[in-house]
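Beneath this line is the structure, given in structure tokens, with notes to follow.
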Amino acid sequence: MTIPEKPQGVIWTDAQWQSIYATGQDVLVAAAAGSGKTAVLVERIIQKILRDGIDVDRLLVVTFTNLSAREMKHRVDQRIQEASIADPANAHLKNQRIKIHQAQISTLHSFCLKLIQQHYDVLNIDPNFRTSSEAENILLLEQTIDEVIEQHYDILDPAFIELTEQLSSDRSDDQFRMIIKQLYFFSVANPNPTNWLDQLVTPYEEEAQQAQLIQILTDLSKVFITAAYDALNKAYDLFSMMDGVDKHLAVIEDERRLMGRVLEGGFIDIPYLTGHEFGARLPNITAKIKEANEMMVDALKDAKLQYKKYKSLIDKVKSDYFSREADDLKADMQQLAPRVKYLARIVKDVMSEFNRKKRSKNILDFSDYEHFALQILTNEDGSPSEIAESYRQHFQEILVDEYQDTNRVQEKILSCIKTGDEHNGNLFMVGDVKQSIYKFRQADPSLFIEKYQRFTIDGDGTGRRMDLSQNFRSRKEVLSTTNYIFKHMMDEQVGEVNYDESAQLYYGAPYDESDHPVNLKVLIEADQEHSDLTGSEQEAHFIVEQVKDILEHQKVYDMKTRSYRSATYKDIVILERSFGQARNLQQAFKNEDIPFHVNSREGYFEQTEVRLALSFLRAIDNPLQDIYLVGLMRSVIYQFKEDELAQIRILSPNDDYFYQSIVNYINDEAADAILVDKLKMFLSDIQSYQQYSKDHPVYQLIDKFYNDHYVIQYFSGLIGGRGRRANLYGLFNKAIEFENSSFRGLYQFIRFIDELIERGKDFGEENVVGPNDNVVRMMTIHSSKGLEFPFVIYSGLSKDFNKRDLKQPVILNQQFGLGMDYFDVDKEMAFPSLASVAYRAVAEKELVSEEMRLVYVALTRAKEQLYLIGRVKNDKSLLELEQLSISGEHIAVNERLTSPNPFHLIYSILSKHQSASIPDDLKFEKDIAQVEDSSRPNVNISIIYFEDVSTETILDNDEYRSVNQLETMQNGNEDVKAQIKHQLDYQYPYVNDTKKPSKQSVSELKRQYETEESGTSYERVRQYRIGFSTYERPKFLSEQGKRKANEIGTLMHTVMQHLPFKKERISEVELHQYIDGLIDKHIIEADAKKDIRMDEIMTFINSELYSIIAEAEQVYRELPFVVNQALVDQLPQGDEDVSIIQGMIDLIFVKDGVHYFVDYKTDAFNRRRGMTDEEIGTQLKNKYKIQMKYYQNTLQTILNKEVKGYLYFFKFGTLQL
């Protein structure tokens, strides 16, 4: 069917129009970010219904997520309703209103499930099957692996013994089990898992495949060797500019001869490379050269730098790719073959037994969905079954969204139900391989790439390819800068895609013509002398400053009204690779009172509160695990100090487990009695929880732990309290889900959690903030995919790529299989094998490529403005990045492959055209004006030193404040002196009014009202004169002797004023240390200690009120205030006979948005015979009712917020008002 002619005035671009109507062959639409992909997909579905008369239930629409499926179905339904209203007599449209509910617009998993439900008889399974929970599936697989390994231990095949010696330690086979699980998940992502496993051994047995691996390494080596040769030649050229360096030139000449031999004939001579030494040491530099002119000194530095680069590149090739002779590598492969074959056998046994267990329980998992669907749709020979043919007849078109995230099993399923070949098929695919960022979920971007390269624009003889390149989301500055970065960063070699004219973004949004350049901010860290903050904390602080700047100066353009509005919090998103920076950002935003939310369902198990709960569970399950036992002891729950742990271990240094050391310490007569009591209480708790766990489900054990130690309350009061609370509840809810499976017990639950951690699965914070809440958001790049924001701050650019998987002894790859290091069992030594070296190199290339795609996703989220935040320790590293080598239009391949982080690439690309000091051979273009508008960068690069812009509040960690900490004024500033003298000599013009007493204390008002309420006929005193008596130095600060009750009261208040609230209860020993600190600071006299009522303070420390204050979000001590009494009493503002109230509140704290005040009382009271505590409490409340009411009203007047209060009596306890 031909594409209809596009009418004038339609909203669709030519490419979109063709994507909507193209038919008659398989179609692949490469839809760049912001190009309207979803709108095109919906319109294509609608036109199939309206124009072609196809029923909606005869289309199969496959989406990546259930949410996308629901949104897609809703959009289609809305369009059908609109069309039906416009044409009410259309019977076809009325029919679609009914059929939309049966329409197959879903994820592929949902389609597979429906297929199984309809054809379960083919599979010979019970139709009453259910889908296993995540907990049940994980634990069942763990159990299966355990049983299969145990069976093979009984067999003790020599290959199995070698495997266990290579992949297990003397204490654990965890690594061995992990590799089995990884191989299982890799295998089931293939249409025929057994066949994939059988082929793992092929490279180890067949020389032809080994030759292919050698070629992979040779090709990679050529990249680095060529770069090394270039660096060597540059070093030679630079040394040639100098005098007195003949010896240096001779050394380099020798190196050039060696390198010429390696590169002879355009091929890499690997035997020659591995058989010779390279990188001879250069002679020492003479003083004459060092003292030459500045240009020569710079040339010398550059020459040495280039020679050093040459050596490092050669070393990389020899150490990473060819550390051993090729023949030795091949010999190792032959010895590894039996181990690889046996490992595949174990995985097949696991697969078979796992499937048997699932069938016995009548459960299916998501992998079963796909493989059972394939079983239904294919015959034994792999050809489509009769059922597949019936689906081919039924579905008139198959539409696949996010095709770049498809795996090979899903591709096979689609091929079974589509009609025709590529040149006459009915498969419509939409996606963007530049946004393929789910390789960890076994997504295979090569499926998209292969089709994109095979399909043509006109579709002659094959499928048809279309490019949606016009972006309707972002300003042109964002697009052109993004294009410039990727034009020089991404190609087929690194990135897997050529970022050419068809791949780049073209401006299509109707913004105004104002200039909004991209901002690359490079933060130079302050060292410890200039800031107490870590580098990450400095970056978080700097990000907050950027947010404040956006809110103050930036506007958001409304395309519909063509007008601007002020930026709000929700317009701003902070994107990072992971959530490692979340807590620092939360603290930084909290310090500035900016609403901030971490949109996190990742990084869950890294959170402090979750680690504490898991340490508790692990210690209860097995207290012989030192890491978790000690972690629990050091936590806020038990508060053991490092020196206490040291005392315990020193007494029994040879114990295998710390638990043994604890028991031995308790039983030692020389042990510290206080520490022994603390340890006994700790062990008593452990044993009590262990007993409880035997008779109660895990979720009840977690709940008891939370309640016993106020865990929820404590973490709710910290930074990010809502999220922390959600995390703790998330663990509790997961335990409930676990109990609903067929597994029970603490041990099994911990295994379930360990499996989630290992697989990178998260179930973290609940969504405590809605999409329309006005807060600044932080999210990962993965979670931002598909979203857009006016202002994007892409930070964490300097955080290195996570290459942890590359260091494993076994490397897995969907295309190549398994690369296992060689392990010499006799010598107990491991060496890289040919397969592990080659697959590791391939994996590193794929990792860097995916990281590039993550950068692309991050940059293309921005609508109005994009901020890139990098951080370095010093500016010297920037010069090295500016001089990064290039090759043609790209950063050199070797530089890209070894780039440690995104900043390394982004800065080196964007800085080249802005630096005048960079030679032409290191620039992409001599004149940036020559670059086309669509890829000409519009970027401001700012180098910022943190100490120059920091407005951080320097917090004194000292708990104490001394009365004599005064600053001295420096001499020499006469203007300042004159200003101060003028202020001191100033005569107040209304001096007579000062004789009118107008200031009253809250305590005085209390006495006045007590007089009035007692019935005294005295007229209310409106003027209370504060006497002119000299204030004496308190006796507890001066003379020794017996103190009066009021002096002791003042002393107690002083102690309480400085009492630390460290979110934990301090011990009596720590209290004495704290009092001694007050004495050392001269806040109280040494002899005052005997009059401090330690028992009463300890009672307060152990009270609930102390715990509440410790968990507060903010705490203020000894807060003075002065307020107009008219406001407090709600008197008319014109009343001139109104006084000013002044007072001092002992303590204020903020918890859950509510302000509380605390007033300490040292009063004694009369307990009449028979009086209950409740009656005494009422009496005390009444006594201070007036004063407390004024405190409450005053604070509410000042803060304009709800205020509550507490009275604390040292001789009675807490009273809440």
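Any Cβ shown, glycine's included, is placed from N, Cα and C.
These come from Swiss-Prot:
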{"type": "DOMAIN", "residues": "10-475", "note": "domain 'UvrD-like helicase ATP-binding'"}
{"type": "BINDING", "residues": "ALA31, ALA32, ALA33, GLY34, SER35, GLY36, LYS37, THR38", "note": "ATP binding site"}
{"type": "DOMAIN", "residues": "491-786", "note": "domain 'UvrD-like helicase C-terminal'"}
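Classification of LYS37 (ATP binding site) by DSSP places it within a helix. Apart from the site residues ALA31, ALA32, ALA33, GLY34, SER35, GLY36, LYS37, THR38, the chain places the Cβ of VAL40, ASP432, LEU468, ASN471, PHE472 no farther than 8 Å from the centroid of the site's Cβ atoms, the recorded ATP location. Long-range Cβ contacts of THR38 (ATP binding site) within its own chain (separation 6+, distance under 8 Å): MET72, ARG75, ASP401.
Across the domain 'UvrD-like helicase C-terminal' (491-786), mean pLDDT in this model comes to 89. Secondary structure from DSSP puts ALA31 (ATP binding site) in a beta strand. Taking the Cβ of ALA32 (ATP binding site) as centre and 10 Å as the limit, one finds 23 other Cβ atoms among all the protein chains shown. With the fewest other C-beta atoms within 10 Å around its C-beta, ALA33 stands out among the binding-site residues ALA31, ALA33. Of all the Cβ atoms in the protein chains shown, 27 others lie within 10 Å of the Cβ of SER35 (ATP binding site).
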